[in-house]
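Per TrEMBL, the features are as follows:
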- 245-263: domain 'NF-X1-type' (DOMAIN)
- 298-317: domain 'NF-X1-type' (DOMAIN)
- 351-370: domain 'NF-X1-type' (DOMAIN)
- 404-423: domain 'NF-X1-type' (DOMAIN)
- 431-452: domain 'NF-X1-type' (DOMAIN)
- 456-475: domain 'NF-X1-type' (DOMAIN)
- 483-502: domain 'NF-X1-type' (DOMAIN)
- 540-560: domain 'NF-X1-type' (DOMAIN)
- 649-682: domain 'NF-X1-type' (DOMAIN)
- 692-710: domain 'NF-X1-type' (DOMAIN)
- 754-773: domain 'NF-X1-type' (DOMAIN)
- 809-849: coiled coil (COILED)
Amino acid sequence: GAAARPPAARGRGGARAAAAGTIGVGASGECRVLSSTRAAGPGAGKPAVARSPCRWRELSSLKKFDEIKKANQAAAKKLVEDQLSSSSEDDDEDAEVKQGKILDKTFTIYTSQTDGDASELERTRQYMNEAFQSGAMTCLICIASVKRNQAVWSCCGCFCIFHLVCIQKWAKDSLFLVSSPLTDDDFGKKDYPWPCPKCRFEYKRSETPNRYYCYCGKVENPTVDPWLVPHSCGQICEREFRPSCGHKCLLLCHPGPCPPCPKMVTTTCHCKKARPVPRRCSAKEWSCRLPCGRTLLCGQHACENPCHAGDCQPCPRVSKQRCICGRQTAERLCASPQWQCDQVCGKCLPCGNHTCEQVCHAGPCGDCPRSGKRSCPCGKTKFTLPCTEDVPTCGDSCDKVLECGMHKCSQRCHRGPCEICRQEVEKQCRCGKHTKRMPCHKPYLCETKCTKIRDCQKHQCRRKCCSGNCPPCDQVCGRTLGCRNHKCPSGCHRGSCNPCPETVDVKCNCGKTVIKVPCGRERTIKPPKCKQLCSRPPTCHHATQEKHHCHFGRCPPCRQPCQKTLTCGHLCPVSCHDEALVKQTGLHQSAGPWEQPSEPAFIQTALPCPPCEVPIPVECLGQHEVSPLPCHSANPYSCKRFCGRLLDCQNHTCMKECHHVTKLNSSADGKKAGPECSQCEEECTKPRPAGCPHRCVLPCHPGDCPSCLQMLKIKCHCKLSVLYIECLKLTCADLKEKELLISCRNQCPKELPCGHRCKEICHSGGCPLNCSQKVKLRCLCKRLKKEVQCSKIQEGQVSLECDALCKEMKRKAFEIKEAEAKAALEEEKRRQQAELEAFENRLKGRRKNKRRKDEVEVEQSSWQKYKNLIMLPVFGVAVVMV
């Protein structure tokens with residue numbers, strides 16, 4: 001299998017296998033070395049001894065097990081150390097809460113019981129925060145973090161914390177370096193100090209720490225308590241305040257300096273004028289702000305400054321003052337009353353020959369400096385001469401000691417300095433190896449270079465003609481310090497270099513939150529958490545970004561409203577989309593189904609603003625309604641109603657769907673139809689005058705219809721004649737005229753209720769009821785008759801009664817009707833009897849012929865046979881009588 005893969009795919013193991021031999025796979029799946037040769041060495045080219053596959057597997061498994069076991073043990077050990085360390089890297093909120101509780105507990109007595117100002121605890125709080133913060137407590141000697149469970153020592157000058165072992169070694173090495181140049185006789189006679197690695201505060205040899213104490217020095221080997229400040233005993237500090245005021249620190253055992261004394265004392269002001277008031281001991285010196293009033297040094301004025309500490313300032317006033325000699329007067333500060341002018345005194349001395357050459361002075365000028373006994377230049381002979389004469393030389397040898405200090409001047413007494421020594425002497429060089437005759441004033445230095453090793457024990461002296469007391473090495477050490485950032489700036493020295501004195505500011509991203517760490521620790525310590533707001537300029541179009549705390553990396557996406565001005569003039573209300581994450585698709589095509597799908601790629605890009613959704617009141621095209629529409633689609637629209645505008649005909653409205661109407665005139669009515677509206681094609685439907693059956697000849701039009709000029713075909717009142725009358729005359733005529741126009745002038749053909757024809761001319765309405773026609777009046781039986789006026793009969797004024805004969809005829813007729821009724825009843829009974837008998841016969845089966853119908857012969861009665869003969873004469877007589 002390994003031989004089948006390319007060399008790049010085999011890896012190191014495959015390459016070794018290919019170089020060493022051939023590897024095969026057995027039937028059971030185990031690897032066996034089929035053949036191999038030694039690659040190099042004494043037995044190169046010879047076959048190698050093959051190991052058993054099972055044995056090889058067992059050794060490999062045991063080796064792997066041991067490696068995993070060691071790795072797990074190391075991880076467990078590291079975990080335990082990290083749990084006990086003071087520089088644990090827990091940045092959870094629980095750790096911050098726990099730290100805050102410990103600090104509050106430490107400051108309880110200072111703030112609550114004595115009402116101390118918490119602002120004065122900032123320096124102490126900073127040290128305590130560094131004690132909690134991950135990696136902030138660093139030993140400057142070994143450049144390593146200080147753990148909770150490690151013994152430490154704190155400097156009383158700079159309060160820097162070191163490992164106890166490191167500071168002991170530091171003190172030992174410092175004492176050795178200081179005492180190494182001493183001789184055996186001098187060693188131990190002087191107690192040389194050793195310095196603090198940071199502030200160089202010097203400690204005596206006896207002050208070298210040898211035990212582990214808490215910060216306040218009460219408890220030796222304080223126990224590790226997670227609820228206390230690291231390396232603290234948890235008791236009240238009780239160290240004396242600095243500067244000493246007689247009180248002691250009230251905080252719990254803490255690192256760093258003690259805060260100002262919070263005790264209350266009664267003190268007065270600086271000028272002692274104000275009444276004593278209670279104040280904090282740390283601020284017991286105070287000013288009442290009243291004028292000081294103390295007499296100044298000038299003795300004339302009082303101090304006008306507000307109450308202050310210390311001596312008063314010089315008097316600031318200006319006055320005219322004379323100089324010391326009294327010749328000049330000038331305005332000068334009152335604080336400096338004595339001053340000298342630039343004039344030479346010039347007063348005549350007592351000798352009367354010379355004047356005083358001193359500049360402005362007080363008191364007498366004194367005697368003439370040339371008076372009395374004066375010596376010659378060599379000082380051997382003294383002369384008494386007037387002040388006007390100079391002292392002559394004595395002529396003797398000078399004999400003054402020259403600059404060489406060995407010879408004297410051989411010249412005669414002379415004025416001025418002596419010459420240099422020119423005598424030749426046998427001189428020895430400074431190193432004592434060579435001698436030479438040369439002038440005494442010239443130094444003699446040979447060219448031999450000193451080969452002694454300087455005190456640094458690294459470099460030779462190499463100074464020409466060295467006297468043996470070689471100076472300290474003047475070369476710079478230049479070794480890289482433990483911080484790996486700087487080189488040792490000290491002169492070349494023995495032993496290890498001092499720790500890097502530099503401190504590095506580890507800043508947050510904005511630089512406002514800073515913690516100082518020893519140089520070299522800035523790579524491993526985490527940046528401080530900054531409570532300031534992020535000051536980066538926004539990456540979007542906004543002038544300012546959302547408020548969030550200082551951070552590293554990219555700022556969170558902007559969630560502010562976009563507020564860009566859209567084309568419509570409104571502001572975009574959605575969240576900022578200048579840096580939106582957009583998924584990229586289709587960039588990578590898989591090579592085959594075996595390739596795993598990759599994560600989608602996102603890019604930051606600015607997206608365009610979405611369409612404006614601000615509701616805008618928009619009127620429809622036909623001005624029927626106003627609806628709020630999104631701004632991006634706020635265009636005139638059709639409300640789907642009928643237009644409804646009044647057409648030019650003034651009778652109908654536009655029936656088109658809501659549409660745009662162009663106003664031809666600005667003052668036109670908004671309800672009037674425009675050129676886009678439909679044209680009225682209806683007929684005129686205005687109501688016609690009463691009686692006019694014709695339509696208007698014009699199409700639908702405004703105003704009144706024209707007069708109807710058509711001929712109206714109309715029947716007269718009697719409905720017999722057809723008349724042609726102008727419609728206009730008929731509709732405009734009154735009732736009388738209409739009555740005459742419609743009349744045909746003929747007799748009315750209508751029948752009166754009595755049955756006679758109306759005697760009036762063609763008229764409207766009902767005919768008169770007073771009929772004058774003569775009619776025959778008959779009795780009820782129609783036998784008797786009489787002529788009378790028809791109207792009287794209708795009114796019931798005239799009647800004709802039947803006589804005896806009429807009554808006899810009525811009786812006979814009645815009898816005939818009764819006889820006919822009886823005969824009809826008997827006939828009906830016989831018929832029903834015959835039908836009953838026929839039905840009974842069919843039931844009995846006497847007649848079996850089904851094809852023939854049963855015929856029942858009914859014998860007619862005498863009435864039926866002779867009724868026609870009887871009734872005809874009777875009816876004939878009745879008719880004749882009527």
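Don't overthink the numbers, they just go from 1 along the chain as shown.
Cβ atoms here come from the backbone N, Cα and C positions, even for glycine.
Whatever TrEMBL says is automated annotation, not expert-curated.
Helix, strand and coil content of the domain 'NF-X1-type' (245-263), in residues and according to DSSP, is 0 helix, 2 strand, 17 coil. Look at the domain 'NF-X1-type' (404-423): DSSP puts its residues at 0 helix, 2 strand, 18 coil.
Sequence-distant contacts of the domain 'NF-X1-type' (483-502) (same chain, six or more residues past either end, CB-CB distance under 8 Å): 140-141, 143, 173, 176-177, 180, 197-198, 454-459, 472-477, 518-521. The stretch from 431-452, 456-475, 754-773 that makes the most Cβ contacts under 8 Å with the domain 'NF-X1-type' (404-423) is 431-452. The average per-residue pLDDT of the prediction over the domain 'NF-X1-type' (298-317) is 86, rounded to a whole number.
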